[in-house]
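What Swiss-Prot annotates here:
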BINDING   His71, Asp104, Glu167  Zn(2+) 1 binding site
ACT_SITE  Asp73  active site
BINDING   Asp104, Glu139, His353  Zn(2+) 2 binding site
ACT_SITE  Glu138  active site, proton acceptor
Amino acid sequence: MSQFNNSPVLALAKDLISRPSVTPLDEGCQTLMADRLKDAGFNIEDMVFEDTTNMWARKGTQSPVFCFAGHTDVVPVGDLNRWHTPPFEPVVIDDYLHGRGAADMKGSLAAMVVATERFVKKHPDHKGSIAFLITSDEEGPFINGTTRVIDTLEARNEKITWSLVGEPSSTHKLGDIVKNGRRGSLTGNLTVKGMQGHVAYPHLADNPIHKASPALDELARMKWDNGNEFFPPTSFQIANINGGTGASNVIPGTLEVMFNFRYSTEVTAEILIERVLNILDAHGLDYDINWIFNGLPFLTGDGPLLDATRDAIKKVTGLDTDPQTSGGTSDGRFIAPTGAHVLELGPVNATIHKVNECVKVSDLEQLTLCYEAILENLLCQ
């Protein structure tokens, strides 16, 4: 461990982890980052929307604009008794930094700041601009976070050229995978109406569970598309289903079903909605349904950002990275629709959202070098 005793990225990561910023709280994390970025020549703009703290920091006024994006909020710690160390008291054990947010994603935030400090010091006359878009609402309802900041930037025609999101993209080794896209996400909340009654008198009631079951089975078996070379086929999953009073002798009056699509670029949300409604109507259901659009699919193909990232990872780690679109959503889905090219590169994701979350300190050192090399590849050429 002695080799990391004076590590600036480790020190900053510890400072960030020690702040219990359970979503949507920030607990001063952004101020900690802002103070460092001010010293590096950044202008800081705080954007607070209701319960969410956001920061837009920018150095430079010219294009192209390279933007680090990330979040200071973390998920709840869960059962404290299952943690080997207190989740907000960061400690290093055998090269692993332990604490909530170590991998998702305070380690990445520390690497971003330190990499930027080093880059600006080495290249004070770099081309273009560097920006940070940081929110405390990524792990929560994502209403007042990145999406609101993007709306503000769009309203004043402030554009991002390239964005690197620090989500933990790696699977086995740092840099083995980068995310160059994400599937779209669409949630449906369905209420099927029936008539409550006694189970002994079914002719006097109307069981919504029985009525809805064939339609739900058809939805679950439906092949929505074949996917493509970048995305797997669209997935339909029932996430929650609730009906009944808890009594064994009562036919329920309603059935509530929550389902989610993770969809490829082969379909649109509008097409999925139309097909779902056609199936529900074909089964003669009496229902209400509302939809939540969680994000459009996006894909960043070959180009300067992906090339710069591939080169940096190869230079630092020796790995040939594999661009993938698998996994959940990230705030990249709010940045990509502006026309920006978006990638995700961060630590190994094996312990994210789990008890005893941790990250290799040596990986944070390498991640910092990767971020710095990406800046050099894009803004010094």
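Glycine is treated like the rest: Cβ placed from N, Cα and C.
The recorded positions near Asp73 (active site), taking a 10 angstroms Cα-Cα threshold over the set Asp104, Glu138, Glu167, are Asp104, Glu138. Counting Cβ atoms from all protein chains shown, Asp104 (Zn(2+) 1 binding site) has 27 others lying within 10 Å of its own Cβ. Remark: His353 (Zn(2+) 2 binding site) has Val75, Asp104 as non-local neighbours, by Cβ distance under 8 Å and separation of at least 6 in sequence. The Cβ of Glu139 (Zn(2+) 2 binding site) has 22 other Cβ atoms within 10 Å, all protein chains considered. With all protein chains in the displayed structure included, the most crowded Cβ environment within 10 Å among the recorded positions Asp73, Glu167 is that of Glu167. Each of Val74, Val75, Gly101, Met105, Ile352 belongs to the same chain as Asp104, Glu139, His353, is absent from that list, and has a C-beta within 8 angstroms of the C-beta centroid marking the Zn(2+) 2 site. Same-chain residues with CB within 8 A of the center of the His71, Asp104, Glu167 CB atoms, the Zn(2+) 1 site residues themselves not counted, are Gly70, Met105, Ser108, Glu138, Glu139, Val165, Gly166, Pro168, Ser330, Gly346, Ile352. Using a 10 Å Cβ-Cβ cutoff, His71 (Zn(2+) 1 binding site) registers 33 neighbours. Glu138 (active site, proton acceptor) has a Cβ environment of 27 other Cβ atoms inside 10 Å. For the pair Glu167 (Zn(2+) 1 binding site) and the residue listed as 'active site, proton acceptor', the Cα-Cα distance reads 11 Å. In three-state terms derived from DSSP, Asp104 (Zn(2+) 1 binding site) belongs to a helical segment.
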